[in-house]
Amino acid sequence: MHMLTEIDTARRDHTGDPITPEEAAAGFRAVSNLFVQWGLSEAQAANLLDMSATTYRRWRKSGPGQISRDLGMRLGTLLGIHKALRILFREPSRGYDWIKQPNKAFDGKSALDVMMNGYLTDLMRVRNYLDAERGGW
């Protein structure tokens, strides 16, 4: 017979460490390289990261500044999209091309069209779709 175990559900403050400057730089470089593979303009790349094109250009040249919680989530979500595409498509170029192809799941829009709305939730929508397609979570 199984016994029920009480679960502690008390709310606790998040005490995780912020992203280090080195981690921020690595994540930003990886996402910037991904944008090149996707064939994005600086304006499109900046929009996906919710920053001005001037800031994006400066960060590409000199390295990223302080990474906000929102930007950290965007970088992680974009890298998750890349990972899912690499799992789904054996040939990397097919994954890079997929991002711009019309998709019934997005009402005929491409994943890039969805993400270009600019909200973090739009990026998450694409990532969640890909995670479901590959059977992950």
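Placement of Cβ uses the backbone N, Cα and C atoms for every residue, glycine included.
As written in TrEMBL, here are the features:
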- 1-20: region 'Disordered' (REGION)
- 17-78: domain 'Antitoxin Xre-like helix-turn-helix' (DOMAIN)
- 84-136: domain 'Antitoxin Xre/MbcA/ParS-like toxin-binding' (DOMAIN)
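Each residue of the domain 'Antitoxin Xre-like helix-turn-helix' (17-78) gets a DSSP state, and the totals for helix, strand and coil are 45 helix, 0 strand, 17 coil.
With DSSP classes pooled into helix, strand and coil, the tally for the domain 'Antitoxin Xre/MbcA/ParS-like toxin-binding' (84-136) is 35 helix, 2 strand, 16 coil. Taken as a whole, the domain 'Antitoxin Xre-like helix-turn-helix' (17-78) shows an average pLDDT of 92 in this prediction.
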